[in-house]
Amino acid sequence: MGAARGVLQAALLLAAAAAAFLLVSPAAAAAVNSTSATLDNIQPLSTLNMAAARVAMDAGSAIRASPELLGTNVSITQPRAMQAYEISESHLFFFSPAAGRARIRPGSPSTSRRRRPPTATGSRSSPLPISSKLVIHLKIKIDQLNIYKFANISPSFMSSGSGDTSFLLINQRYDYAFGLFSGGKDNPKLVAVSNKISFANPKAPVFPRLSQGKGWNEMAVTWTSGYNVDEAYPFVEWTMNEKENARARRSPADTLTFTRNHLCGKPANAEGYRDPGFIHTAFLKNLWPNREYSYQIGHELLDGTIVWGKSSTFRASPSPGQASLQRIVIFGDMGLGQSDGSNELAGFQPGAQVTTERLIKDLPNYDAVFHIGDLSYANGFLAQWDQFTAQISPVASRVPYMVASGNHERTSRDTGGFYGGGDSHGECGVPAETYFRAPAAANRGKPWYAADHGMFRFCVGDTEHDWRPGTAQHAFLDGCFAAADRKHQPWLVFAAHRPLGYSSNEYYAREGSFSEPMGRTLQPLWQKHRVDLAVYGHVHNYERTCPVYENTCTAAPAAAGGGGNGSSPAAAYTGALGGTIHVVAGTGGARLRGYAGGEWPQWSAARSESYGYVKLTARDHSRLELEFIRSDDGEVLDAFSITRGYKDVLACAVDACDPHTLAN
């Protein structure tokens, strides 16, 4: 668990040659946290007044980082897990009367007494020589600052002006340097800069992530590196674990990247831009259903040397219709977490870390993940995509991690989307659609897709593009639902980011529709094709409806769920549903939201303001179970089951069967 937890935290946003370490007063800390807690769509660190930042190097201040070379305990000749290439711990020692001067407690040593800075071993030495070029570069790039710690995280700082701490650093293809600041967020002054530290191989392949390929029996493996195709050939080496004398195979990978010119506005193409490196995807084909495979990412250099990345395992999907134990996790709206005590988006995504850790603990108990929009909340600060892929890598390297497009990935003004806002802050879908491969999507820019997993068929929509009748997406969804063989794939699920069905969120209540405006134009499709379940994110709470059509419950559970402010006992539906059950699960980590005041709508069966995720479990063709699992402790806060036969799927309900003609 220690190594896995380490990968969860990407510690710093790298500038072109340096990163920053911010130290401000406890008072300023409260101000930053208070501000970020009120801003949903703004990168909190963009509130740092970097226009006022200035260099004020202080001879009595110093910061030392060690070790200077990270990721050295790896080999490039033999296949093995290259964990050290992905993440390492850096220790910092700092001394700053200037940074602590206004904050020294009464009775502490005078700030006028200059001290030599501590070294990596804690002994005294002369101040570190720092090039003016590094100072200027750090000053210029500080507007990309991504995470920081307050100096008083080290208990000795407030009394002595010195202290030590550590960061977990991910390999983001550039060197690191740390800056020591005083003056708080409104008037930051750079008083000291550390030595540079580097990864032994900054270009190494990192953060593998799986998704279903172009069909159920393909697995796509995607990862990031600093190698372009003219430097090294990317590939995946893989083999079946359960077959004696299985021959290892290699599948070549394609390579993509993007530049400022691909992006649609600020800050993504300006102060938030950062070279994304190269994103590679290989397809492992003709997999045997339910068999376990081992794989390892790698790059063959032009001289024949192989640089290996992380190795891992996965279990292939069951074939469509196959009966076996099948478990799927669904949630939306996660963002970044921190496992090393650093600060980043904790004001807006306080549950991201705990949800990620719960997913890691629960990993043996599910087979695939659907993260339905609002993935990293990078909001135009592109280094956070590296950090997000590092955070989810313990999960995404083991099970397919499929995504949907949310407003924070796609929505940009004047870019042809369905909404005119600027929630992606200039990204307009480019990073998300490059870092993640959507299963069987015909076009990365139109990322709606179908995914078959045994007895499940998933039709994943993109709410950032028009879904109404007459559009390409509407036609796709109609075909996706119709293609399900309900004799063998009885469980038909629709998933998308914004609630197109039912939600008693305050905003949707004010809209008067309890759903995304024009969202329920898909109701005829859900009803016609007898969609069992529709799952959404976007709203940061959990809510489940009864089987519902046109605001009316169409079936009652055999054991009624009691509701009641957050949880309900399991409800059991039997026979034909006559409508679709809608579930909101935007509970991955972003700050939670409440519900509209007044009485509950009659279709709202259960609610919870808790971080967590939905888990679907199919044991055979006649029973489906849903659980809402709380991230904090793994407790099941809500559950229901559906038990039925094929005849119940065929049964006519309101608007569910074609009208009979005279010929009939």
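Cβ atoms are placed via backbone N, Cα and C, with glycine included.
As recorded in TrEMBL, the features of this protein are as follows:
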| type | residues | note |
| --- | --- | --- |
| SIGNAL | 1-29 | signal peptide |
| REGION | 102-126 | region 'Disordered' |
| DOMAIN | 148-201 | domain 'Purple acid phosphatase Fn3-like' |
| DOMAIN | 209-315 | domain 'Purple acid phosphatase N-terminal' |
| DOMAIN | 327-542 | domain 'Calcineurin-like phosphoesterase' |
| DOMAIN | 579-638 | domain 'Purple acid phosphatase C-terminal' |
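For the domain 'Purple acid phosphatase Fn3-like' (148-201), DSSP puts the residue distribution at 7 helix, 23 strand, 24 coil. Across the candidate stretches 148-201, 327-542, 579-638, the maximum count of CB pairs under 8 A to the domain 'Purple acid phosphatase N-terminal' (209-315) is reached by 327-542. Sorting the domain 'Purple acid phosphatase N-terminal' (209-315) by DSSP state (H, G, I as helix; E, B as strand; all else coil) yields 3 helix, 55 strand, 49 coil. As a summary of secondary structure, the domain 'Purple acid phosphatase C-terminal' (579-638) carries 0 helix, 31 strand, 29 coil according to DSSP.
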